[in-house]
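A.B. asks: Quick paste from TrEMBL:
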| type | residues | note |
| --- | --- | --- |
| SIGNAL | 1-24 | signal peptide |
| DOMAIN | 54-142 | domain 'PPIase FKBP-type' |
| DOMAIN | 166-254 | domain 'PPIase FKBP-type' |
| DOMAIN | 278-365 | domain 'PPIase FKBP-type' |
| DOMAIN | 389-477 | domain 'PPIase FKBP-type' |
| DOMAIN | 488-523 | domain 'EF-hand' |
| DOMAIN | 533-568 | domain 'EF-hand' |
Amino acid sequence: MALGARGWRRRSLLLLLLWVTGQAAPVLGLAVSSELQIQRSFVPDECPRTVHSGDFVRYHYVGTFLDGQKFDSSYDRDSTFNVFVGKGQLIAGMDQALVGMCVNERRLVTIPPNLAYGSEGVSGVIPPNSVLHFDVLLVDIWNSEDQVQIQTYFKPPSCPRTIQVSDFVRYHYNGTFLDGTLFDSSHNRMKTYDTYVGIGWLIPGMDKGLLGMCVGEKRIITVPPFLAYGEEGDGKDIPGQASLVFDVALLDLHNPKDTISIENKVVPENCERRSQSGDFLRYHYNGTLLDGTLFDSSYSRNHTFDTYIGQGYVIPGMDEGLLGVCIGERRRIVVPPHLGYGEKGRGSIPGSAVLVFDIHVIDFHNPSDSISITSHYKPPDCSVLSKKGDYLKYHYNASLLDGTLLDSTWNLGKTYNIVLGSGQVVLGMDMGLREMCVGEKRTVIIPPHLGYGEAGVDGEVPGSAVLVFDIELLELVSGLPEGYMFIWNGEVSPNLFEEIDRDGNGEVLLEEFSEYIHAQVATGKGKLAPGFNAEMIVKNMFTNQDRNGDGKVTAEEFKLKDQEAKHDEL
């Protein structure tokens, strides 16, 4: 036992007088012999290792005489006493008293003079023939033959990959000494420790202790000082010759050479088309870190993520991972940080984080897409086909590509009625209803640029949605030639103005005009454009004839359609 910082002279004298009285009997129970006495005042519940001759120990002590007078204390110097046991560096009694101790064990040791400083004592410090009392607390123990010790106390069921040399890892840790004293914690900083493994960025013991870990694994790594910070320690936090214990939880793992990985969860049996660069996708996703921590979810917003792929609108890893998907497919895309948000991270995503996206593809299209028509049934007589201007009555079910029903006329119990080509439906539907015969059933798939576009219909149709219409045409009324709202079914009377002007006053009022046109339609001599408000058509016809806008038409104003092509009237 040395007196530490009280001067080199005292320490040298102590070392010179270590063996003046020879060896004592070995430790047996609580008393080594009738002279060397050991009282174990505290023994920890767990004692994985005890001191053996040749071990290096770090311990605190208080040294007193029989009358209780203190002659030395490591606590006063705020530093443990560090020494090899059994190599002649201690007085004989202390060399024997330390053997068999556990870390955190406390012993009260009484050493007789013949096993201490004998009849000579230490001038000015230890009187001759002094019995010495030591209150000893063992803090650390290691041996020069020790290696890194690894104790795994949790390992996830699935371990597809383990840490290799040159991998980059993100982990949390608590760093303690062997006695349990905390010297550092990433948890307290609320930030993982991020580093490469096996290239000298860590102390050698950690470089070795991290190898082979799985993401989600938790292990205790015990590092002897010669594989840690050695004799010098590290600043004020880690003393020299300290064994270190790291309780590590691995959160993340990747290698700079990694590419994305794709795991297909669900692939529809019918996959007529796969996504390509330039396509526009709508998909749901959950975004997590490798340890399962959720950082984002489209489901929580109740709105798909809509984007072009292959054009830099999303992180490179997703740009690549979304290629080749089918509508309805579910896949997991694992993105290394250099293809994600890099060293800086973003928002709730920490720097250098591997990202895991579980995606569900709802639909996709390309801006160059047109509508798709699939006819499922045509009646034997399918000679009359729909065209622009025809009045149609049809039933439909409208859904998204994933099968979500948006609307149904069957559910409402009434048909949907339009004039084809009049702008009463979205352009894709107008196109999809053409050249269709009564009784035919078809499916029309409409890309959003021919449907409801990026805006969609609030509360009904999502923005940028591909639409699927299952249609059955029930009735077709042929329309008029383009540009006409009324036609004659036979020869036009040469005295047409006079027939309309029944009172013969040379002027036709709206009432006279309307009565005459409706009479021609009723007798089959004329036909109004189907699907429109008849009164509005007649009024517009009259207004076109009333050139000066005085509310009446004269013979000079009255002209037929073929006489002046600028007007859609008679």
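Each residue, glycine too, has its Cβ placed from N, Cα and C.
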A.B. asks: Where else in the chain does the domain 'EF-hand' (488-523) make close Cβ contacts, counting only residues six or more beyond its ends and a cut-off under 8 Å?
C.D. replies: 534-535, 538-539, 541-542, 545, 551-555, 558, 560, 570
A.B. asks: Using DSSP, what is the helix/strand/coil residue split across the domain 'EF-hand' (488-523)?
C.D. replies: 18 helix, 3 strand, 15 coil
A.B. asks: Averaged across the domain 'PPIase FKBP-type' (278-365), what pLDDT does the model get? Just tell me the whole number, please.
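C.D. replies: Overall, the domain 'PPIase FKBP-type' (278-365) comes to a mean pLDDT of 96.
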A.B. asks: Taking DSSP states H, G and I as helix and E and B as strand, how many residues of the domain 'PPIase FKBP-type' (54-142) are helix, strand and coil?
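C.D. replies: Its residues fall into 13 helix, 37 strand, 39 coil.
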A.B. asks: Going by DSSP assignments with H, G and I as helix and E and B as strand, what are the residue counts for the domain 'PPIase FKBP-type' (166-254)?
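C.D. replies: Breakdown, helix to coil: 13 helix, 38 strand, 38 coil.
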A.B. asks: What does the DSSP secondary structure composition of the domain 'PPIase FKBP-type' (278-365) look like, as residue counts for helix, strand and coil?
C.D. replies: 13 helix, 37 strand, 38 coil
A.B. asks: With DSSP as the yardstick, break the domain 'PPIase FKBP-type' (389-477) down into helix, strand and coil residue counts.
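C.D. replies: Its residues divide into 13 helix, 37 strand, 39 coil.
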